[in-house]
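Below is one structure; the comments refer to it alone.
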Amino acid sequence: MSIIAEHYNNLAQLGNEQRRESPIFYLRAFNNWVKSVSIGEALNVIRNEQRRDVRLRALDLCCGKGGDMKKWAAGRLDKVVFADIAEVSVRQAEERYQEMTRRSRARIFRAEFVHADCAAVDLGEKFSDPQQMFDIVSCQFSFHYSFESYERAERMLKNACDRLAPGGIFIGTIPDAHEIMRRLQASDSLKFGNDIYSVTFDTKEQQPLFGAKYHFFLQEHVDCPEFLVHFGVLMDMAEKLDMDVLYRSTFNEFFDEHSANPTHLQLLERMNGLETYPSDSLVGSIEDHQYDYAQEVIDHKLPRSKGAPRVGTLSTPEWEMASMYSVFAFQKKKGPSSLPDDAHADRRSNEQDGNYRGRDSVRSNEQRQQPPPPASPDTSMRRDTKRSRRD
Ligand SMILES: C[S@@+](CC[C@H](N)C(=O)[O-])C[C@H]1O[C@@H](n2cnc3c(N)ncnc32)[C@H](O)[C@@H]1O
């Protein structure tokens, strides 16, 4: 069994109470918000472009324990196929689905569960209908495991894109290779991180395109090897599969853009994606300066108002973790492939020979280093409208 499968198979399922006590409670909720918004937006694009509202099908690639099941139900899908390398997780996802079906009064999507190494096999061979096509494929916090080698990354990407209908969308979240390399270079050792996460490399030298390994630890969740995904490489590979990039944003950028939309902001509140500060039940520590930014916003950036001002924020360790990720979307071309086959072959050999030279589209690093995001008081991140973690 692979190290990854073993790690996720052995991961304990936390109860609600344990989750609420976790130092990464709000980080998890924030990540869930990013996933919810990107799934919802992709479904909107598909529905608007295809002018159809029913029978949309999704592939949840590397689904884990089925943490996105409610998001699929909210998206009114017709069918969802869940696939993961960790057999125990797939079983737990199936149990979750059965429980959801039992409790739900409305009809929810049909589901199929597949246990497979999605970076090694052609998933089509595992589906009940090998010709099965999808409108949306979602690979959340997982695609990077396949960047161990070109062959595995290509297989995973083909599983994501080959059965997408024209106009279909592939979305995902991955650690941001630029940000990781920036933090590594800024560190005086081979390691960086904080109380809740750490990233450890074997070297600070130039990293290869595939197999750029580091060890990732995230409290309560991850303790295993991962691989850098150079987004420029992913884009080139996706282009060969007739995929156009729709967007790629760091979580900072995604938050800035989407929290400006009142609907998304309300969802963020409902999902507990930010912590109310000040509060007597913070997940982090004021003494360790984990809320300095929120305090600064209250002291200097908020308009004076009656009563004690409050803001929605993340503790610094949680925000440092969240801001290491990026979110992307590709769309399957609606017409025939624009590149001849030999052009694909040329590109492939270039990639395989090359080393990482920062081919990702470069963005402002200053923006990435912003401290935790504040929500102004009029976004109603207030104690009276938002349940605290320990309420
Ligand atoms: C961090 S979890 C994310 C789970 C889920 N997508 C979510 O967002 O909650 C990573 C998942 O990727 C799965 N995974 C890693 N490599 C895989 C592979 N080659 N094939 C299928 N699943 C894989 C792991 O088993 C694990 O469930």
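Each Cβ is built from the backbone N, Cα and C atoms, and glycine gets one as well.
Curation does not apply to TrEMBL; its annotations are automatic.
Of the listed candidates (C62, C224), TrEMBL assigns C62 to the same S-adenosyl-L-methionine site as K35, D84, D117, Q140, Y145. Annotation: K65 are the recorded sites among K65, E226, Y325 whose CA atoms are within 10 angstroms of the CA of D84 (S-adenosyl-L-methionine binding site).
Highlighted here would be the recorded positions (N31, R96, H144, E226) whose C-beta falls below 6 Å from ligand 1, but none qualifies. Proximity note: of the listed binding-site residues (N31, N32, K35, D117, Q140, Y145), Y145 have a CA within 10 Å of the CA of E226 (site 'mRNA cap binding'), given in sequence order.
The Cβ of N32 (mRNA binding site) lies under 8 Å from the Cβ of G67, K71, M271, G273, each of these being in the same chain and 6 or more residues away along the sequence.
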